[in-house]
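Engineer: Here it is: the structure, laid out below.
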Number of protein chains: 2
Amino acid sequence: MGNTDVGYMAGTGVEMSRRVPIPPARSFFDTFCSNLKETFFPDDPFRQFKKEKGGRRAIRALQYFFPILEWAPSYTFSFFRADLIAGITIASLAIPQGISYAKLANLPPILGLYSSFVPPLVYAMLGSSKDLAVGTVAVPSLLIGSMLGKEVSAAKEPVLYLQLAFTATFFAGVLQASLGLLRLGFIVDFLSHATIVGFMGGAATVVCLQQLKGIMGLEHFTTSTDLISVLRSIFSQVHQWKWESVVLGCGFLSFLLATRILSKRRAKFFWLSAAAPLTSVVLGSLLVYLSHAESHGVQVIGHLKKGLNPLSLTGLIFSPPHMILALKTGMITGIIALAEGIAVGRSFAMFKNYHIDGNKEMIAFGAMNIAGSLTSCYLTTGPFSRSAVNYNAGCKTAMSNVVMAVAVMITLLLLTPLFHYTPLVVLSSIILSAMLGLIDYEAAFHLLKVDKVDFCVCIGAFIGVVFGSVEIGLVVAVLASILRVLLFIARPRTTILGNIPNSMAYRRIDQYPGAQSISGVLVLGIDAPIYFANSNYLRERIFRWIEEEEERLRVNEKTSLHYVILDMGAVTSIDTSGISMMKETKKALEKRDLQLLLANPGTEVMKKLNNSKVLEIIGHDWIFLTVADAVGACTFMLHTAKAENLIRENGPNDGNIV
Amino acid sequence: MGNTDVGYMAGTGVEMSRRVPIPPARSFFDTFCSNLKETFFPDDPFRQFKKEKGGRRAIRALQYFFPILEWAPSYTFSFFRADLIAGITIASLAIPQGISYAKLANLPPILGLYSSFVPPLVYAMLGSSKDLAVGTVAVPSLLIGSMLGKEVSAAKEPVLYLQLAFTATFFAGVLQASLGLLRLGFIVDFLSHATIVGFMGGAATVVCLQQLKGIMGLEHFTTSTDLISVLRSIFSQVHQWKWESVVLGCGFLSFLLATRILSKRRAKFFWLSAAAPLTSVVLGSLLVYLSHAESHGVQVIGHLKKGLNPLSLTGLIFSPPHMILALKTGMITGIIALAEGIAVGRSFAMFKNYHIDGNKEMIAFGAMNIAGSLTSCYLTTGPFSRSAVNYNAGCKTAMSNVVMAVAVMITLLLLTPLFHYTPLVVLSSIILSAMLGLIDYEAAFHLLKVDKVDFCVCIGAFIGVVFGSVEIGLVVAVLASILRVLLFIARPRTTILGNIPNSMAYRRIDQYPGAQSISGVLVLGIDAPIYFANSNYLRERIFRWIEEEEERLRVNEKTSLHYVILDMGAVTSIDTSGISMMKETKKALEKRDLQLLLANPGTEVMKKLNNSKVLEIIGHDWIFLTVADAVGACTFMLHTAKAENLIRENGPNDGNIV
């Protein structure tokens, strides 16, 4: 039966228009260019000014690189009013948060203010998000503190530590800008949602644990970030706990959490949670100033230098061994900051239905960090909390960042002495309340419900961060995510397809209970591209299906299998190992007297089958547009063969009569 | 239009049987077990004796683990005659090759003979291939030589070097056996065909370069394996070249190559190339013995100890720092040897149409290397050349390995003195002629023609090996292969589908020139599972398609787009990022007044859409069995809407008339 002449096909009435064509040969250069374009310029960013000419084109190009030129000309007073309110709101959040996060990175508190001045101005010129508010973030701050702290002590070598922080920021900026320029933004996509949930939850837990130092009013603390070291450090110093500090901390924390909950319940109270940190700082400072608590063990920020950012260009370190440390820190924190910033930008763009170019955003982030590293700022990005406040406060354009920068500038020039009595415990409460919001147990529960593998990735990242270190957690999560993709490729599903009654459609028998199989014909769907990683598996799995089907037919229907149809609809890509596998499968089927038919192969499969001459071995006549066509040909031939057998049994002489 | 009530659907005549069902909930444990089984036991190895009972089952199980019990009971004399001939043929190849490859690994030549005695016996009991001939192989031999040689000199510390080689073999065996036992055999599949072609070609080139030492009769030689070091080493010693050696070498090489070419032309002359190495050894030894060339600068093997393998159990080193070196060497060489052995076993099984269980083979390889490491053997596997000779000589079962082992045993006991005068240059010629066959430029050319990416991977591996080192080449090639898979996942194709005339099929418009699109309806095919790595890309790409289609419709047809149909046929898997992407796409389309329809989603997509409640957002009524059904619903609704507009334009009073 397998040797049935292909000549039969002429009789099946398959029209030429329904044959699967071999795609026309394209030059290697064409294919290469179009693949390159699809990989690196999937959004075709230059489309918009391709049609323009001369001067207009130059203006459009300038507008492309400096989005401010796009929105500034049509900026109105009503926009400005909205941005002014939003800008002042985020500034009131930025000042206490900035100081807090700088402490988290073991950097002088004033750096938090510096970092809310220069980078927002740069972003306002280059960034394409209308809602993103620039500032420092907790997790990268903690990472800078822990990674640099392993080799250089912030307490013993403050100048070197500071220089390393600037250098790390510089490298982070260079990395971000180059990823954007090289259009490698998709690297950030390899941090999956599940990874980020687990990683952020873990990192927030770690940050919270670190805050216990401030809340308890401890002076000595472990430099490790893992749960066990921190708990050991805290409980070994029970006699050092300061009750004044604990009471103050818990009080402010309750206040902050209460405002958060309130503003979550009602959107119009958003300003409550936005204003609460600054209120806490003011109240805390007043309390300390009036009660002289600083002499009763409550630590305060102390003297903050007046004046704008000093230049830090000459402080950058470009010689080993310290450069390596800064480079490593910059790479890791840069990627994490980028992932957060891009995700935040994208989410708000989706809300307001405008488009953000990820690669362009990376260039903006990179530029603002490079500029920041030269002007005494450390790593900034677009934090979710601050951007959400910005959005809720009704910002219209990136001008709200400019307003925030101006507000911070005024603070730097005039108001820094006011922070002298701000107790550190208030800063710890501010961080704690922000971090508790990052532990997204609802998202983890959602993952558990929808996708168990994603949940494992998430928990892996969380455990890695909490019990190991932030770096370990990140590596675990990224590896797990990639492993998952590779496993998917290595073990694609193959399924038996059956005909859905009253239709030409063939679908999985296990998914559609009504689907009917055809006796003597096995229809197999292959659910993935055929690659080196799965070609051996697929070949063996196909033969196992065939053996099972032959067994079933022998036992149940006393017939045998004649045709094997592979539905290639989902085989969207194939490599040379896959092509060899097709060839070997064809040959092995021939040895078993089975005929192989292909249904619905895509462009790439047809092209490669043709180039490798495997098409000749399989036979172009055995390739069909749809599974239904292939099944039609099989049943036609089965009937013909039955008729022939009948003729043969009745003797050749009767042939003419039939 | 996007807000058209779903109530319309009732009128489109979609029968319930054609709805896409939500798969019944399966317990997590069930899914987990079936996934685990498909990943680790895709061939269902225990199927064959699941049905048996009691004693028979035990026998079947024993036969499963010791295939010899399966074939030995039915072994006949005619089988033995065939195996005897094949065994003697491969022994005549094994003896000179064994000695040559041992020299390549800087090990005493006698180890090559030892290694052709114990391992084949072990394999004969445990191996399931009928054609594989066990022996040492060139590339892992070279690797052992270069990796161990970097830290321990074979000349200065011969005992330590030998012990390290045994320990490396032991670790390689343990790795191979554990991969098999843990059913992780698919790791070997990650060495793609292209990788192996490039890697083997590079390694063969490197081995050939090393042979120049023997051919030129040099005594000092670089320990590096890269092209540049070797050429520098050779040309810096031009005055040391020995013409006797060069003449002998070239003569034997021509002889060996001539027999190879002859036996390639005619299959029945296969014994010519099989016997040529032993003939060369005999001729070369005679020549040296008669001409006393050993005193004219032609190096000879020298004294070989008589007797069988001594035990080497006590020589294994299990303490750092040397253990680490042996472990590393064992891991790398073990994997490479495994890849070759498995590929060889699979190829011949395919020729003769029997099945090989890759994981069981790994256990057999592991056991033979562990046994070998205890009896003074170094790493063995199933070399392609020797197995091909075995196959051509008509072997029937693994008994040919036993015959070879016996022949080698006789050699060890009685004939070793005969090799005293064998010139090293003959061994170099034997290696050279074997290696030239491994440089498979035809395969590389085939890759270039069929798949440019595979060709790049292949050339990358080749260049890595030749200009860097064997390890670098391997790492480059594996990384490139994996990167390719990840890129495929990160940048899946999306294409516009159109109706093939006279059918219900919708296919790519760029593949099928006759396919027709439907005005007002955009049908998009997504060519890959939706994962975290591509969900952002896909969302943006879908919107770019929509914008382009809207632009086209506005300019060409003065109409607008109303429906977007996503063909989910190739979306065989989805994770939580993918689910979020579907949700966001639905919402963004709604904002643009477009209706989203899904066609042909698979089990997993439906299950996860349902679990995450995104199904409710998209609407189960907007999900169709086929693209044709979805298009049918769209055109029905477009007509209804047109009719309604007509009614509205003519005033509500005329409604009854229409």
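Cβ coordinates are placed from backbone N, Cα and C, and glycine is handled just like the others.
Just so you know, TrEMBL annotations never went through curation; they're auto-generated.
Pulled from TrEMBL, these are the listed features:
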- A:511-634: domain 'STAS' (DOMAIN)
- A:132-149: transmembrane segment (TRANSMEM)
- A:161-184: transmembrane segment (TRANSMEM)
- A:190-209: transmembrane segment (TRANSMEM)
- A:245-262: transmembrane segment (TRANSMEM)
- A:269-290: transmembrane segment (TRANSMEM)
- A:323-343: transmembrane segment (TRANSMEM)
- A:363-385: transmembrane segment (TRANSMEM)
- A:397-415: transmembrane segment (TRANSMEM)
- A:422-439: transmembrane segment (TRANSMEM)
- A:459-487: transmembrane segment (TRANSMEM)
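Give me the structural setting of these features: burial, nearby parts and distances.
Structural biologist: Same-chain residues lying 6 or more positions outside the transmembrane segment (A:132-149) and placing a CB less than 8 Å from one of its CB atoms are 90, 94, 97-98, 101-102, 104-107, 112, 115-116, 119-120, 123, 161, 164-165, 168, 200, 203-204, 206-207, 210, 223-225, 325-326, 328-329, 332-333, 336-337, 340-341, 344-345, 348, 368, 378-383, 386-387, 389-390, 395, 398, 400-401, 404, 431, 434-435, 438, 469-471.
Distant neighbours of the transmembrane segment (A:161-184): 40-41, 105-108, 111, 144, 148, 152-154, 312, 315-318, 322-323, 325-327, 329-331, 333-335, 337-338, 359-374, 376-379; these residues of the same chain sit at least 6 beyond its ends, with a Cβ under 8 Å from one of its Cβ atoms.
Counting same-chain residues at least six beyond the ends of the transmembrane segment (A:190-209), those with a Cβ under 8 angstroms from any Cβ of the stretch are 104, 138-139, 142, 225-227, 230-231, 335, 339, 343, 431-432, 435-436, 438-441, 443-444, 447, 451, 454-455, 457-466, 470, 473-474, 477-478, 480-482.
Beyond the transmembrane segment (A:363-385), the same-chain residues lying 6 or more positions past its ends with a Cβ under 8 Å from any Cβ of the stretch are 93, 97, 102, 105, 107, 111, 114-120, 122-123, 126-129, 132-137, 140-141, 144, 165-170, 172-181, 309-313, 316, 333-334, 337-338, 340-341, 343-345, 434, 437.
The list of residues near the transmembrane segment (A:459-487) in space but at least 6 beyond its ends in sequence, with Cβ under 8 angstroms from a Cβ of it, reads 139, 142-143, 146-147, 190-192, 194-195, 197-199, 201-203, 205-206, 224-228, 332, 336, 444, 453, 533.
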Engineer: Is it the case that the transmembrane segment (A:269-290) and the transmembrane segment (A:323-343) have 3 or more CB pairs under 8 Å, with pairs at least 6 apart in sequence?
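Structural biologist: No; fewer than 3 Cβ pairs under 8 Å.
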Engineer: Could you give me three numbers for the domain 'STAS' (A:511-634), the DSSP helix, strand and coil residue counts?
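Structural biologist: DSSP composition of the domain 'STAS' (A:511-634): 67 helix, 22 strand, 35 coil.
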Engineer: Most CB pairs under 8 Å with the transmembrane segment (A:245-262): which of A:323-343, A:397-415, A:422-439?
Structural biologist: A:422-439
Engineer: Determine which residues of the chain contact the transmembrane segment (A:422-439) at the Cβ level, with the cut-off under 8 Å and only residues 6 or more beyond its ends counted.
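Structural biologist: Distal contacts: 96-97, 99-101, 103-104, 138, 200-201, 203-205, 207-208, 211, 213-215, 217, 245, 248-249, 252-253, 256-257, 260, 277, 280-281, 284-285, 287-288, 293-294, 298-301, 385.
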